[in-house]
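These notes concern the structure reproduced below.
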Amino acid sequence: MSKKILYGKEARKALLQGVDAIANTVKVTLGPKGRNVILEKAYDSPAIVNDGVSIAKEIELKNPYQNMGAKLVYEVASKTNDKAGDGTTTATVLAQSMIHRGFDAIDAGANPVLVKEGIELAALTVAKKLLAKSKKVDAQEDIQNVAAVSSGSQEIGKIIAQAMQKVGKDGVINVDESKGFETELEVVEGLQYDKGYASPYFVSDRESMTVQLENALVLVTDHKISTVQEIVPILEEVVKASRPLLIVAEAVENEVLGVLVANKLRGTFNVVVTNAPGFGDNQKEMLQDIAVLTKANFVSKELNMKLADLKMDDLGNINKAIIKKDNTTLISNSKSPELEKRIQVLKTQIKNATSDYETKNLQERLAKLSGGVALIKVGAATDTELKDKKLRIEDALNATKAAITEGIVVGGGKALVEVYQELKDTLVSDNKEVQQGIDVVVQSLLVPTYQIAYNAGFSGKDVVKQQLLQPLNFGFNAKEGKYVCLLKEGIIDPTKVTRQAVLNAASISALMITTEAAVVSLKENKDNNFDLGTQE
């Protein structure tokens with residue numbers, strides 16, 4: 001296939017137009033008064049969203065050079081979402097500013113490699129400064145404030161704080177859809193284990209890359225399933241029952257996986273396979289925990305039980321199974337006396353444990369079994385409102401977990417302003433071009449504050465000037481339009497979210513400024529005279 005190549009300034013200009021197309025769309029959502037973006041859906045009603053990564057994911061530009069620039073910024077948002085669960089809009093705004101400043105330096109004659117060195121140095125320094133400023137999250141009020149700031153709703157903040165109080169900071173919290181208008185919290189029996197689907201072809205929801213099974217049968221075994229023939233008899237019974245099946249096994253051969261996937265895709269039966277969590281003896285115990293929760297008979301090698309002899313009575317039941325790439329959550333709505341007995345056995349084993357390793361494993365299993373699963377059931381008047389609310393709650397939940405991991409810093413962009421003040425005169429290099437790279441990052445730290453103020457209807461420049469005059473932890477409350485003690489007002493951000501936003505924005509910016517050529521494929525019978533002056 002033929003290629004078309006752009007060089008130097010022309011290539012950078014095209015990439016920058018793509019960067020601006022995506023960043024200008026995403027940044028309108030930043031802050032407590034950020035606006036929404038409406039997204040066309042091919043086979044569904046339009047979605048109205050406030051989530052940076054969800055917006056960025058949907059943007060495809062006709063011009064391939066611009067599209068490359070847009071996709072690189074989407075990667076910033078996506079990486080930030082993967083690592084911190086929130087902060088995607090902040091990361092996008094920072095990336096746009098850094099790329100603009102970096103390209104300006106290169107176009108003025110600076111050496112891209114040295115500028116890149118300065119960007120990387122500054123980003124790492126900013127990340128360290130943020131960690132040094134971080135305040136540990138202990139109080140219930142802090143958890144509520146983080147969730148409220150992320151979601152833009154005090155009600156959501158309260159619900160997430162209550163959920164964490166009930167199942168613990170490390171407990172399992174899932175977001176589900178309610179049939180009513182109200183958003184409610186419910187705690188049910190369940191557990192989560194650290195293994196996801198054995199093949200991505202089991203996924204039913206491509207957008208979230210998850211699969212959910214309702215009222216499912218459960219097969220729990222420490223056997224390695226080597227041939228399809230071993231499980232054909234029980235699969236035939238499952239097909240007759242017309243119910244989905246979750247298989248939790250030590251391992252499943254690729255040939256067997258292929259057959260199961262093919263049958264699922266054909267609609268013969270609904271099945272998902274996950275490998276067993278843990279290793280060795282601990283794996284057997286965890287499988288027995290799953291069997292007790294689901295009321296399944298644990299099909300054990302040690303007891304010489306064979307997969308070919310399985311009957312329907314050997315399978316367990318679960319109200320809902322949510323299977324993701326790296327974990328599986330099992331939810332049961334019924335109380336089980338066997339589960340209570342299992343919990344008591346674990347408590348006794350903890351008392352009698354002879355090593356720290358054994359105690360730790362037993363405590364982890366006990367926490368998983370006894371903590372239950374908190375379900376946040378999202379209610380709304382319309383499907384469009386429901387989707388938006390669900391996204392906000394998921395972001396807020398991720399932000400709260402990030403805050404528990406690394407702590408919190410002052411919000412409203414003030415933490416980055418304070419780091420700017422600390423570094424603008426102290427982070428210096430003898431090399432002029434490395435210094436230009438440092439300035440690319442340090443000067444960009446003021447941009448989130450500017451954008452938050454602008455979206456709230458204030459002069460971004462004036463607010464930034466005032467922010468620089470405020471004492472430590474004091475800053476602009478964009479919702480109320482006044483300067484306050486941000487910590488007292490509960491305007492806080494998770495350190496991990498802010499830190500990852502800076503690191504990921506700097507990473508892509510450092511790579512983009514070293515670009516001297518852009519190559520795209522020419523499609524046959526298409527008009528390839530792209531207009532670089534427009535964004536399509």
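Placement of Cβ uses the backbone N, Cα and C atoms for every residue, glycine included.
These figures come from a predicted structure and were not determined experimentally.
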Swiss-Prot ATP site partner of THR29, LEU30, GLY31, PRO32, ASP86, GLY87, THR88, THR89, THR90, ASP493, selected from GLY168, GLY171, GLY412: GLY412
Where THR90 (ATP binding site) falls in three-state DSSP terms: helix
All-chain count of other Cβ atoms within 10 Å of ASP86 (ATP binding site): 33
Listed in sequence order, residues with CB under 8 A of THR88 (ATP binding site) and six or more positions away: VAL26, ASP51, GLY52, VAL53, ALA56, ALA77, SER78, THR80, ASN81, ALA501
Lowest local Cβ density (other Cβ within 10 Å) among binding-site residues: THR29, THR90: THR29
